[in-house]
Amino acid sequence: MNQWAFVAAAYALALLATATVIVLSWRAMREAEGQAEDRPRP
Amino acid sequence: MHRFANPARFLKIARPLTGWLFWPGLSLILAGCFCGLFVTPADYLQGETVRILYIHVPAAWLGMAGWSGIAVAALMQLVWRHPLASIAGRALAAPGALFTAICLATGSIWGRPTWGTWWEWDGRMTSMLVLLFLYLGYIALANASARQGQGGVSAVTAIFGLVGAINIPIINRSVVWWNSLHQGPSITLRGSSIDGSLLWPLGLTFLGFSLLFGAIVLMRMRTLLARNKIEARMQRLARG
């Protein structure tokens with residue numbers, strides 16, 4: 001049993017999942033803040 | 001805390017703080033992972049798989065810390081009616097669920113070569129799985145209350161967050177109360193049973209993931225506040 005394969009899988013999964021949530025949160029924030037600032041006031 | 005009840009005052013601090021937490025957090029994670037993978041020695045018994053420690057432990061901590069934060073936010077929402085508390089509770093849920101899932105997945109990957117099984121229904125693993133289900137329930141309730149026109153979470157969702165906190169001490173004490181495949185507490189107030197040569201990168205990833213978690217929560221709070229602003233403007237426009 002190659003132990004490094006388990007280590008690599010654990011790190012890849014954790015770092016990819018973290019990166020995904022960062023990107024999604026960042027994009028949602030930029031989009032929402034952009035819309036909140038751009039929309040003309042009534 | 002009520003000084004930050006004004007969203008404008010909160011955002012004035014949250015905007016620069018997001019970057020101040022994000023970049024040092026990311027740097028510490030990358031440094032900790034590099035050292036954990038390539039600098040520290042393999043464990044005499046577990047071999048190379050011990051390196052999973054550096055991501056598994058911070059994920060477990062953040063899964064539990066996230067729900068503790070939800071419970072504190074729920075208390076502030078229900079008792080003191082703090083206007084940002086429900087926003088904070090909602091912002092904590094998704095990253096908390098993510099790190100709980102990462103903890104379960106990395107634990108399972110660690111368990112296969114170490115224990116010979118991917119999963120065991122013992123106290124620690126089951127209570128952590130319950131935490132993930134609690135997060136999913138909280139997110140569903142929070143989304144349902146948001147659809148009813150609230151930016152944060154409803155009182156029912158806050159009560160759910162408060163009651164769900166019962167699971168946190170159960171997770172913490174599970175390895176003491178019940179026989180478990182999972183090892184007992186390795187790091188306590190009295191010290192650590194992990195050798196110093198293996199332990200030090202854990203400090204880097206622990207702090208790094210904690211800072212990054214804070215940055216993600218701030219991003220999500222800023223998103224919710226901006227959406228509230230848009231919603232309020234749309235309602236004013238609709239009323240003419």
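Keep in mind that glycine also has a Cβ here, set from the backbone N, Cα and C atoms.
Annotation comment: TrEMBL describes B:20-39, B:59-80, B:92-111, B:123-141, B:153-178, B:198-219 as transmembrane segment. Marked as domain 'Cytochrome c assembly protein' by TrEMBL: B:27-182.
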Close approaches to the transmembrane segment (B:20-39) from elsewhere in its chain (Cβ under 8 angstroms; 6 or more beyond its ends): 51, 53-55, 200-215, 218
Counting Cβ pairs under 8 Å that sit 6 or more residues apart, are there three or more between the transmembrane segment (B:123-141) and the transmembrane segment (B:59-80)? yes
